[in-house]
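Participant: The structure that follows is given in the form of structure tokens.
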């Protein structure tokens with residue numbers, strides 16, 4: 001099964017997923033979501049964002065980016081936690097990566113996603129002698145981690161810039177909340193987190209699009225990839241809809257075959273943060289009422305030298321979902337050395353991408369055939385903006401189906417509020 005951006009395959013030794021037996025349930029969920037007749041209908045705004053995004057707000061985002069570029073801003077500090085930063089961080093790493101030949105037009109530094117004094121001080125020191133701007137992202141403005149970071153970076157910016165308000169953008173609620181009120185009082189530029197879009201589904205709003213534009217990522221291409229993927233996932237037929245097929249396969253492995261863990265694997269280090277975004281998406285959407293697969297991640301072949309032994313010979317509690325690259329933009333072809341000191345001449349005329357692909361196939365065979373670890377493999381097209389948007393949409397559509405198959409609300413996260421309540425109590429917040 002494939003789309004323009006993603007091809008799925010299943011290597012499930014001695015197991016056949018009865019996809020068609022789930023068709024009635026899948027159709028019911030599909031039609032309920034499509035008609036917005038589900039109880040959680042007020043959280044489905046993300047479904048049509050790729051086609052119906054706010055073009056007036058998008059133009060204002062472009063204007064702000066142009067202003068910052070004109071003013072020679074070097075770094076944009078993106079402050080947020082969870083869904084308020086993971087999508088933007090994922091896109092930034094997907095397009096650029098740490099050592100990419102392609103460089104961002106403004107560097108993004110992500111803050112407010114922990115409460116480490118060491119880390120915050122290091123980031124403040126990193127930007128203090130640079131021309132920097134701030135994009136603070138929070139629907140309420142009361143989440144502790146980003147609030148602390150915003151206060152410290154704001155204080156630093158106000159010391160450096162007379163007109164500091166021109167270099168702060170708040171992405172928040174459209175009419176209420178602590179951050180909205182602060183931004184209004186200080187005359188910061190404001191962009192909106194829509195009421196009908198939850199944090200982990202917000203990457204195609206200003207939450208993700210504005211940081212993308214700051215970095216020089218073509219956000220319209222991201223939206224186009226998401227729109228195209230949405231179009232390709234129109235069918236309610238589980239055999240024709242790749243996202244639903246993935247959702248059914250993981251549901252079957254979990255509920256019928258009793259696998260407890262799904263490990264999201266890639267052979268591309270640039271996907272490390274995509275895995276982090278995926279983990280939040282599935283953990284917060286499914287982990288309720290004592291239900292849900294435990295989402296984990298690994299980068300191969302690196303983690304084969306740590307986790308590989310456990311996956312191969314450890315308890316049979318997990319299956320793998322493996323995302324591999326079809327068209328690398330860069331490659332290396334090995335040549336013979338005159339003297340084969342390193343004994344690598346057997347790789348002569350092979351490309352490094354071929355070696356990586358052999359590692360993938362050898363590992364999948366070892367894990368699935370000998371280790372009895374089921375594998376769901378996905379081949380993604382390239383590291384382009386369009387593919388990025390397509391992957392975002394694919395997994396958001398998949399997790400919605402998967403959570404409803406499990407019988408839980410995909411769009412709330414009541415468990416997250418418990419630690420916040422305890423923390424605020426211990427800190428003496430009134």
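Just so you know, glycine gets a Cβ as well, placed from its N, Cα and C.
So Swiss-Prot has the following annotated:
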- 284: active site, proton donor (ACT_SITE)
- 305: active site (ACT_SITE)
- 420: active site (ACT_SITE)
Participant: Roughly how many angstrom lie between the C-alpha atoms of residue 284 (active site, proton donor) and residue 305 (active site)?
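Facilitator: The Cα atom of residue 284 (active site, proton donor) is 29 Å away from the Cα atom of residue 305 (active site).
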Participant: Looking only at DSSP and grouping its letters into three states, which state does residue 284 (active site, proton donor) belong to?
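Facilitator: Looking at the DSSP assignment, residue 284 (active site, proton donor) belongs to a helix.
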Participant: By the count of other Cβ atoms within 10 Å, pick out the sparsest of the active-site residues 284, 305.
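Facilitator: Among the active-site residues 284, 305, the sparsest Cβ neighbourhood within 10 Å belongs to 305.
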